[in-house]
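Peer 1: Can you keep this structure in mind? I'll have questions shortly.
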Amino acid sequence: MKKTHITEQKFADLGLNPQVVEGLEKKGFEFCTPIQALALPVLLSGQDIAGQAQTGTGKTLAFLTATFNHLLTTHAHEGRQPTQPRAIIMAPTRELAIQIYNDAEPLIASTGIKAALAYGGESYDKQLAKLQGGVDVLIGTTGRIIDFYKQRVFNLNNIQAVVLDEADRMFDLGFIKDIRFLFRRMPAPQERLNMLFSATLSYRVQELAFEHMHNPEHVVVEPEQKTGHRIQEELFYPSNEDKMALLQTLIEEEWPDRAIIFANTKYKCESIWAHLAADGHRVGLLTGDVPQKKREKILEQFTQGSVDLLVATDVAARGLHIPQVTHVFNYDLPDDCEDYVHRIGRTGRAGASGHSISFACEDYAINLPAIEEYIEHTIPVSDYDSSALIQDLPAPVRTPSARNQQRRTNTGGARSGDRKSNNRRPRQPRQHKEA
């Protein structure tokens, strides 16, 4: 773990419980990121916060640190049973909930605090057994948490700390009714420590904070550039007919160590996967209907390097911790300009450089003006030579059905090393759009 830091604020100087500091130091965390340096003093004073911060800024560590410190320095409610959670952390996706849990476990290893997961797509009985063994911090998605609540596995009467992560995404996915259902079954806002984090503090997010929090202080960490100064952005204008050949040619020209390819629909992702798998690439597919265990396996393979390319819908764009992504390909420009930022933000993290390549095709070029207005700069444009594109592409493999998702990761084939020697260079001299 790198010993660099962004601020001069040390965790040890914040007045945290010694057990919390010990857990942080064991993981190599000594100095705060900006969101941590701003949020933790407020939270340690007992004040609620509504924080605006992008993924990758350290917000997860901020709310985990505050939650654990609050539980260690505050007495549990009298008469509380071990199966009744004292803190609840709500996330919009299963993957994000799992990541938060994995980040939490080493921090509480020596504190006696027990964490448990609750999310759909996984064994109900396994999660139930964990909860019945005792839980202090419940981490999960709202649907499964409500399922357990309605089954009277636990109640929410003893909640002393609440975290709502990626609140804007909760709205996007239609979970806001679930959130309100849970909030209304907890102690009053002034009787608990409340933390809300969101990429944007839109009117609807602020309204939610006003409704279910106690006079929250707004903490905002704006990136210097929405897209990050370490990310090299590049834009092509391919015809629909050239898109797949251009993608394959650029992959072999760039030869990325680890790349994510985003498309706007499940159908398009499956088509891209089928072409890349047929060409011998080690490629995984991540869409919304991939079974949970398979999703976890694909992400593990991608993280460990046995899969080089991940084709995904925006389910993978936010919340997931995937280190060392070198390239992001926007096969389709997203319909939501914020999703462009979240997509390319998967690369260029933790001080590393990254490369984002986007296709403004016949179907999605219409989204480009809104994206460039949002990121406040034009994306450098490159031309390509159609005659330099790979022409001998094999026919795509048959796309597996949903019941055969485990076959969607082709890890056995070699990468297309024979084509790399062709040294194709489809790019023409760069043409930069006028600002």
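Even glycines carry a Cβ here, placed using N, Cα and C.
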Peer 1: May I ask you to indicate which of 93-96, 125-128, 165-168, 385-388 is given in Swiss-Prot as motif 'DEAD box'?
Peer 2: 165-168
Peer 1: Given the ranges 9-37, 38-66, 183-211, 299-327, which one is assigned the annotation motif 'Q motif' in Swiss-Prot?
Peer 2: 9-37
Peer 1: Same-chain Cβ contacts of the motif 'DEAD box' (165-168) under 8 Å, 6 or more residues past its ends?
Peer 2: 59-60, 63, 89-92, 96, 100, 196-200, 202, 205, 208, 318-319
Peer 1: Who are the long-range neighbours of the motif 'Q motif' (9-37) in its own chain, taking Cβ under 8 Å and residues 6 or more past its ends?
Peer 2: 1, 3, 44, 51, 53, 57-59, 61-62, 65, 68-69, 72-73, 106-111, 219, 221
